[in-house]
Number of protein chains: 10
Amino acid sequence: MPLPEIPPVTEKLLAAKKAKGLSFADLEKILGRDEVWIAAVFYRQSSASVEEAKKIVAALELDDSVIEELTAYPVKGLGPVVPTDPLIYRFYEIMQVYGLPIKEVIHEKFGDGIMSAIDFTLDVEKEEDPKGDRIKVIMNGKFLPYKKW
Amino acid sequence: MPLPEIPPVTEKLLAAKKAKGLSFADLEKILGRDEVWIAAVFYRQSSASVEEAKKIVAALELDDSVIEELTAYPVKGLGPVVPTDPLIYRFYEIMQVYGLPIKEVIHEKFGDGIMSAIDFTLDVEKEEDPKGDRIKVIMNGKFLPYKKW
Amino acid sequence: MPLPEIPPVTEKLLAAKKAKGLSFADLEKILGRDEVWIAAVFYRQSSASVEEAKKIVAALELDDSVIEELTAYPVKGLGPVVPTDPLIYRFYEIMQVYGLPIKEVIHEKFGDGIMSAIDFTLDVEKEEDPKGDRIKVIMNGKFLPYKKW
Amino acid sequence: MPLPEIPPVTEKLLAAKKAKGLSFADLEKILGRDEVWIAAVFYRQSSASVEEAKKIVAALELDDSVIEELTAYPVKGLGPVVPTDPLIYRFYEIMQVYGLPIKEVIHEKFGDGIMSAIDFTLDVEKEEDPKGDRIKVIMNGKFLPYKKW
Amino acid sequence: MPLPEIPPVTEKLLAAKKAKGLSFADLEKILGRDEVWIAAVFYRQSSASVEEAKKIVAALELDDSVIEELTAYPVKGLGPVVPTDPLIYRFYEIMQVYGLPIKEVIHEKFGDGIMSAIDFTLDVEKEEDPKGDRIKVIMNGKFLPYKKW
Amino acid sequence: MPLPEIPPVTEKLLAAKKAKGLSFADLEKILGRDEVWIAAVFYRQSSASVEEAKKIVAALELDDSVIEELTAYPVKGLGPVVPTDPLIYRFYEIMQVYGLPIKEVIHEKFGDGIMSAIDFTLDVEKEEDPKGDRIKVIMNGKFLPYKKW
Amino acid sequence: MPLPEIPPVTEKLLAAKKAKGLSFADLEKILGRDEVWIAAVFYRQSSASVEEAKKIVAALELDDSVIEELTAYPVKGLGPVVPTDPLIYRFYEIMQVYGLPIKEVIHEKFGDGIMSAIDFTLDVEKEEDPKGDRIKVIMNGKFLPYKKW
Amino acid sequence: MPLPEIPPVTEKLLAAKKAKGLSFADLEKILGRDEVWIAAVFYRQSSASVEEAKKIVAALELDDSVIEELTAYPVKGLGPVVPTDPLIYRFYEIMQVYGLPIKEVIHEKFGDGIMSAIDFTLDVEKEEDPKGDRIKVIMNGKFLPYKKW
Amino acid sequence: MPLPEIPPVTEKLLAAKKAKGLSFADLEKILGRDEVWIAAVFYRQSSASVEEAKKIVAALELDDSVIEELTAYPVKGLGPVVPTDPLIYRFYEIMQVYGLPIKEVIHEKFGDGIMSAIDFTLDVEKEEDPKGDRIKVIMNGKFLPYKKW
Amino acid sequence: MPLPEIPPVTEKLLAAKKAKGLSFADLEKILGRDEVWIAAVFYRQSSASVEEAKKIVAALELDDSVIEELTAYPVKGLGPVVPTDPLIYRFYEIMQVYGLPIKEVIHEKFGDGIMSAIDFTLDVEKEEDPKGDRIKVIMNGKFLPYKKW
């Protein structure tokens, strides 16, 4: 099945969050970290500091054994080469359709280099619209120029 | 080679733009359309209206035969399953690492559905920063809830 | 094996439906939703509302724990890149053979855009025919024109 | 590039059709065949009879050498395993998401077998709608029960 | 491992058949169905009628719960894109080497269409030969001409 | 495009055959070789002897340079991992669905070994049938037992 | 992980062999079969006769249930398309680099045909060398000429 | 087509060799190098010294421009992940079936390490046999133990 | 999930190392082997001698059964064709971008051959830098010239 | 063929360099840039400044049109997912075998983050050794810690 295998700790965290009736936006207020980053910690794509892990454990009333897992440095990535989930696929399609145009514009504005995916933040915002609400995804990454040597 | 085959009209447009010393930002002012969208027209990923195509042709002093190509509805997509160009790959990696977290947050904020990649805009902005300039990519797509029937 | 892993809740639902002697057409009458959509809920490709999930649980005499699963927003998709099941493969073949022709006709009738797979319904009908019954599959999706920006 | 290589005869036909200002719907009237089927002949996915090929050649004022190509039995298929063109991909996604549910419903209505993709027709219709026009795709294939021996 | 996962019911059937000392040829006599088709039922690639399933269960002295499994409509297919088992690979190789020649000959004899793999039978015969016995595989499928519409 | 690139000599042979109005069955009579094998020579999957090549060249009134090409030992195979042409795909599907059952039956009849695809013949026959003509494909390959050492 | 799943019987055999302090060369003496072939039996790639299986079971002091497994006809193959284990990969590389040259030489020496991988033996020998010992792998397969028909 | 693209120089060399009526065995005598290695030079998988290249050019009466090509260091490899040519595929199958057994035996004889595919020779010999001639392929590679550090 | 399955012994070793508060640098001092090589032993990519395994077991206070596992010769490799973990992917990208340039430079300095990945060491060093610390990866492999024969 | 298509400008540069009898080490002295980086410019994986391009053009006595190509920002990457050239494959194998161990050691020394492949240098050195010269590849990339937000 295309469903990526969810680590057990992710399932435990999601279940506790649901039982507590907390949203990621609630956790954002508790941790002082963005909700997307917190969701990435849940999915073991980002690693938390001990303090952050303690706050998560406290908010969700989980036992301390979870702290160790949340602070470990994970092997990252979603897995299937082409994602089949329609929501995630759209981001793949955006890269397929707009990848070269974005590259042209970035090179024109910045020169030869890339947008870092490490020194990087990502926010999801809701834009209310009478014709249908809109999703705003804001990526912000440091420009890294190619080093010459 | 991983390099996607560039259509001849794209090469012609890019060469004329270079010869004219125009940036996509300059074309943005001439057309009243975003530079990323214009770059997508150059790469035959978006189709222009006849008026828009005429403005491009006029600005680049190309012959009218280009208009027909720019207004046709293209077969879209970049091609290679996993892109090897580092700049484009980073967007693929973002989806690999943050795909499921984004999905969680969007579902929490909007319910079951997706962000449209069709009723969609994408802007690239430069954020100056003494520690190194930053690239801001803003995606804005209509939320489409799954229809039940 | 090419068989996509069926989630346990799907197996539970299919077994209960069989034990009850109910068809999807019967469930269509009980829920007021199309049988294909209900089958998609069974396979965790669509999410039900709490009311819909309650009706399913009541009809199949399952316990309430199933409700939570049916209302969660699933990671969607069948999985294997090219399906090996002959019935499902034929739909893949139709896209291989008629994909570009359909694209031409849709663009001619509607302009540059796509048929939504989200604001979308799909019906399966039986057309009796003395030379052999026929299957009618009716897809109905909103046309989404490409936004310019 | 993901763009499937278009056979030269397809380009010749599409160019002539454009020059003549004819739509596939116009050709439907001239040939007495559905516009999707005619588009499939253009893309060398279906083969025409000599009479049909002559009508196409006459309508588009092409030379007779085209007849031979249109009546030959083509090697069929679009090519790229997962299509990257957004319009065509949506049909792939529909199979990914609704493939198993459709299979369940067809088996329930017809027994073990498949919908033929050969004894098969496909129509594209426009459904006008104030909230946005809709695309209707109607597939109609003979049910083929598995033979036992 | 390339070994396709065998469903538990298949293992149960094969073990019972071995314990009973029955060959597929013996089962052919008991069921009045071809041995290859029966082997396909064992591997859950074909579905049996209730009567056929009862005969299998009786011959192998299995409990009735097997009947339900044998009569269900399976998701079909072997799985690995290119089979690694040498015996099965040879059939793949035959298609690689003789696929286009067979296509030419079938089109010449029948016109544009295919050999059905559904309205289809397959027999395996042993041809004794002093220079080494030979395997005869006879496929027999209905010719399905492409429908025009 | 999925269409395997046809070698120029194949196109020359097919065109000459068409111009001469000869079928592969006609060539079968002229060469004393099976029509499928001759089609395989056309597609450069089998190599002819000089005598056979001369007969082909004479029958099609081609120049002698063709002889050299027809007698060379070709690199064989169709190419695309999963064929997209519906006629050829059906043979792939047969292996997907009936591969393991055939393997069971062959092992039962012959022991551990394979059917040779080299010491092998393949015939295509037409079986007239009022309910629709049938295609008979007869494969005949030497059984090769695994050698122990 | 790329590690092919080892069948449980293989692990049992390897563990017993290790506990007994036996090498494959020792088993070669006991069975009168080559060590590579015996290793292939261990990995369920070759099937043993009952006598051979009994000798293996006796030498390793395993219970008789192993005999049945060792005499069954296995589904063969290693699995991953491109092997990642460096030792096994080198053989893949040899085929990548020397495949076409070997083909040329074999055709020149034998005509159109192949080396059988079934009527085939493979030996591994150690060649002592002061500059570093060398591995000698000797493959010996029957030449099978392509049959014409 | 699966046929790897042959470099033009390879075609030139093969054509000249054919015109001269020379076998690789003849070239082996002229160059004092093995016929397989010479065939690898023809296919641009091995690089010749200037002296070797001169001998080849002299024997085939080609012009000196060929020398430069034969002495350059090529990018090596055959290409298609799984070869479709039956002769080359058999070597792939041998690795699929006997890969792990060979690994066991080599480790037992030599310890942890690999057979070099660089400090490596490969010979093809014909073994005459009344029951059918046999092909002997002898690989000889230096054992390279894994270095620890 | 792309996460390669970690063997149980690796998890046991990593957990014990964490519990003991030991770094790989500490183990480097205890074993007299490089930390990267020791990490490779942990991940079952390198095999230890009995003495080395005993030191590891002693340092981590594990039971002796671990020794057997650490001294066995493993099937090696990470698995996923293109790694999705960003840290590991960067090494893949380096090969994509700088692979051919490195090849040119190595051939120029050494002739036709390769850098051994077996007679090979790899060190990771930390280079402190006020603008951001740097990672130094030093690979050192024996040059292996292609043997001619 | 796996050989990545070399851009025409690369062939022109390599030919001129050969004709001039210059090594990359010579160019290193002329440009004041590392030979690997210069080779990357030749292969259009790195972009040169106008000054650097002029020096290259002057040293190789090429015309000025080359300058424009060398200063453009290329689409980067080698292409084939798994490289088949033995020299380049070894780097892929190193990542397969030592990828996870390197990851462990880097995380231990630096925390959660990656080695940049952009703010990055790579040197190839020759280490003379009586037992066989060694290749030293030194990678030096900035450590980029994952940003939290």
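From the backbone N, Cα and C atoms, a Cβ is placed for every residue, glycine too.
Summarised by DSSP class, the composition of the domain 'Cyanate lyase C-terminal' (F:77-149) is 25 helix, 27 strand, 21 coil. Residues annotated as domain 'Cyanate lyase C-terminal' in TrEMBL: F:77-149.
Annotation comment: TrEMBL describes F:ARG90 (among others) as active site.
The Cβ of F:GLU93 (active site) has 22 other Cβ atoms within 10 Å, all protein chains considered. Among the features that TrEMBL reports, active site is placed at F:GLU93 (among others).
Look at TrEMBL and you will find F:SER116 (among others) tagged as active site. Neighbours of F:SER116 (active site), defined as other CB atoms within 10 A of its CB across all chains, total 22.
When the Cα atoms are compared, F:ARG90 (active site) and F:SER116 (active site) turn out to be 21 Å apart. Of all Cβ atoms in the protein chains displayed, 23 besides its own lie within 10 Å of the Cβ of F:ARG90 (active site). Filtering of the active-site residues F:ARG90, F:GLU93, F:SER116 by Cβ separation from chain G (threshold: under 8 Å) yields F:SER116, ordered along the sequence.
Cα separation, F:SER116 (active site) to F:GLU93 (active site), rounded: 20 Å. Across the residues of the domain 'Cyanate lyase C-terminal' (F:77-149), the predicted structure has a mean pLDDT of 94.
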